[in-house]
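A.B. asks: This is the structure I have questions about; it appears just below.
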Amino acid sequence: MSLCNLAKIRSVAIKAVEKACIACLDIQKQLISEDTINKKDQSPVTVGDYTVQALVINELLKGLDEEYPIIAEEDSKTLSSQKDVESKVLSFFNRYSNESFVESQLSSLLDKGNKKKDLNSSNRWWTLDPIDGTLGFLRKDQYAVALALMEDNKPILGILGCPNLPVSKGSTEKGCIFVGLKNKGSFMIKLSNLDQEEPIKVSNQSDPTKAIFTESFVSRGFGHELNQKISNSMGVTAEPLKIDSQCKYAMVARGDSDCYLRLTQLDYKECIWDHAAGHIIVEEAGGIVTDFKKQQLDYSKGFKLENNVGIVCSNKLLNDSLFDSIKKSIQF
C-alpha cells in the first residue's frame, strides 16, 4: 500500500479542522441561547458532534488518496432515532461541505468513524474527538476539535481546532488551530489568517515556585484536590488557569502554561481521542507527556489508555520537580 505524503495529509487535515471550527461557531450562534443553557439542553452539542465528525471524515476521504481507519466517538444509530437533530446535522453538514447528502449518505459517512478495532493490521489510523469539552461548548467557552493521525499506535500528527481560544495571552481576537507533526515542530494558525503559521514553543520556566498549572473548570473525582497538593509541594503561588478540553495542551505548547496534570481516579482510564492530538503538539513544541508513573502513553490497547495512570504534561524543564512532588502527594 502506497503511503500519502505527510505534508499533504497535514494540509488536508488542517483544512478539515478549519471547516469544522467555522461550523461549530455557526452552530453555537444559531442553537445556543440563554434558554438552552438554563435548561441544560444538550442538543446543540449533539448537533455539533455529528456535524463535525461528518465534515472531518468527508474532507479526509475527498482530499487523500489513502483511506485510513478512523476511530471517532459517534455513530449513526443514536442520531437516526432523533429525527429533529438529524435534520439539523444534515443541514449544517451540507452547508459547510458543499454536498447534497441525504440521511442515508450521512449515516454511512458517520459510520466510517466506527472502526471499533482491530487496528493491528493497519499501520496508520485516525482518531477524532469532534467536540472535546462539551461543557465549554455549551457555555460558548473553550472546546476543541481534536484530530490525530497515528502510526504504529503513536501520534505522528495532531490538529487542535480551538475556535474560542484567544490568539495570544490577553488578546481579544479568538480562533486558533494548533498543529504538530513528528520531527517537524508545532505551529499555531489563526482562523482569521490560514495562510500564516507561527511556530510555537513551550515555556522556559525552570523555577518550580513560578510554575503555572492549567486544569479543567469542573473537578472530577479528586482531580483539583490532587493538583493543589502537588503544586503546593512545589511551592507554586500562582492560581491555576482553568480551561476546558484539549485547549490545555495548546496552552502548554504555546507557553501560556507550564504544566497540565490529569488524574481523576486511580482506576479511571482515559480515552485515546482525549489526548492523542494534544500529546504530539506538546512534544513537538518541546514539552513532554507521560502518565503519573512516568510511563509513555500506550495507544495500542483499544479506545482507552489501559496501561496508563493519568496524564502528566509539562515544558520538560519542570518534570523532575513535578515527579518529586507527585511521589510526596499520592501513593500508587
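Positions of Cβ are set from backbone N, Cα and C atoms, glycine also.
Below are the features I grabbed from Swiss-Prot:
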- D49: active site, proton acceptor (ACT_SITE)
- E73: Mg(2+) 3 binding site (BINDING)
- E73, D129, I131: Mg(2+) 1 binding site (BINDING)
- D129, D132, D274: Mg(2+) 2 binding site (BINDING)
- T134, S245, K248, R262, D274: adenosine 3',5'-bisphosphate binding site (BINDING)
- T134: active site, proton acceptor (ACT_SITE)
- S245, K248, R262, D274: AMP binding site (BINDING)
A.B. asks: Within the chain of R262 (adenosine 3',5'-bisphosphate binding site), which residues six or more apart in sequence place their C-beta under 8 angstroms from its C-beta?
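C.D. replies: Set apart from R262 (adenosine 3',5'-bisphosphate binding site) by at least 6 residues yet with Cβ under 8 Å, we have E215, S216, G223, E270, G310, I311.
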A.B. asks: Have a look around D274 (Mg(2+) 2 binding site) and count the other CB atoms within 10 A of its CB, chains all included.
C.D. replies: 23
A.B. asks: Which one of the binding-site residues (E73, D132) has its C-beta surrounded by the most other C-beta atoms within 10 angstroms?
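C.D. replies: Its Cβ has the most other Cβ atoms within 10 Å: D132.
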A.B. asks: Taking each of the recorded positions D49, D129, I131, T134, S245 in turn and counting other Cβ atoms within 10 Å of its Cβ, which one has the fewest?
C.D. replies: T134
A.B. asks: Taking each of E73, K248, D274 in turn, which of these binding-site residues have a Cα lying within 10 angstroms of the Cα of D49 (active site, proton acceptor)?
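C.D. replies: Final answer, ordered: E73.
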A.B. asks: Can you tell me which binding-site residues out of E73, D132, D274 are within 10 A of S245 (adenosine 3',5'-bisphosphate binding site) by Cα, answering none if there aren't any?
C.D. replies: D132, D274
A.B. asks: May I ask for the distance between D129 (Mg(2+) 1 binding site) and E73 (Mg(2+) 3 binding site), taken between their Cα atoms and rounded to an integer number of Å?
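C.D. replies: About 6 Å separate the Cα atoms of these two residues.
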